[in-house]
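Student: I'd like to ask some things about the structure below.
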Amino acid sequence: MATESSLSAHSNLNQEMKRERRETFGGSDGSKVPEYFIWPDEFKASQLLPELHVPHIDLNKFLSGDESDVEEATRLVDEACREHGFFVVVNHGVDMELMKGVHECMNEFFTMPLDVKQRAQRKVGENYGYTNSFFGRFASKLPWKETFSLRCVAAQNSSTARDYVIDTLGSTFSHHGKVYQECGKALNDLGMKILEILGLSLGVSREYFKNFYEDNDSILRLNYYPPCEKPEVVLGTGPHTDPTSVTILHQDHVSGLQVCVNDQWYSIPPTPDSFVVNIGDTFTSLTNGIYKSCVHRAVVNCKEARKSMAFFICPAHDKVVRAPEELVEKNPPRKYPDYTWPMLLEMTQKHYRADCNTLEAFTTWIQKEKLLDTGCTITPSA
């Protein structure tokens, strides 16, 4: 079981890592991969994997109201989410010029000097801001990536993403803030349509999950995976399930997303003008385990950087995550305790490194918390 190391115990180690890394992964000698980035042999990934054939859902047809199109979309989504939790949406209505603008801003931001990016440095225990390889959080098996995460609140006229960018990076980044804010709104709108399909696929009302997430408090995360001279010894992101609810992912032209189904790894290559959708742990809880949050990872290569943008739909902080009775009856008994999203977020940010068993670890953690009823925190043992 993966756990986070004490910050104080590794302060000297972190300083050494930062010196070794400087502004590039691997320091001045690009052919040398620092040991902190090297993953054990059992995690070693391959670029040459079979492609996972996931359904491509035509949202325009689904929204047309044609009965046969609606039935086909819901059937395909249901099959995919029961098997592995991944599908692709096309004809989704999101302006691809907007997505082009997002990737242009990402290119500009991630190629900035490190001291500029660190104006928005993500603080330990928080979920927003910039981080390079999660220095300070972990001491080994570091991901070969940089990220910039922004809060996206669904409330009308919210400007949380734009305001955060300007407040941390300065007014010269106002265009970035505007683009990210518009992107968050567009993907939130797309997410509501996806939630309609998921509701119908599960046999609850079309509006059930859309209403549950109407006032969502979500996350827009920008990922940058630099090239690596020895990609076979590192991972851009280690194997994990998303703790969040539903993920909407936009990839650039570089492959790197890999998914584990029945103990076999597959790739999901990028396709133009589409979004990859996958189920997260919180939505698994809401379906009482009917829909799966599948294990996935990101790999890097030695030739070019890879970029992706993920929109993580999350419930409002006061919403209780509890599967409706009709879904419990379909897959008895009730498998997960009631909780709120901030409780799961706290565990993954402060006490537990998200991996393949996050939901199981959280279930044990929260049950112990309730039994103790002392308000203390429990760190899962190694």
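Glycine is treated like the rest: Cβ placed from N, Cα and C.
I grabbed these lines from TrEMBL:
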- 1-28: region 'Disordered' (REGION)
- 1-15: compositional bias 'Polar residues' (COMPBIAS)
- 215-315: domain 'Fe2OG dioxygenase' (DOMAIN)
Student: Please spell out the DSSP helix, strand and coil residue counts for the domain 'Fe2OG dioxygenase' (215-315).
Tutor: 9 helix, 44 strand, 48 coil
Student: Average pLDDT across the domain 'Fe2OG dioxygenase' (215-315)?
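Tutor: Mean model confidence (pLDDT) across the domain 'Fe2OG dioxygenase' (215-315) is 97.
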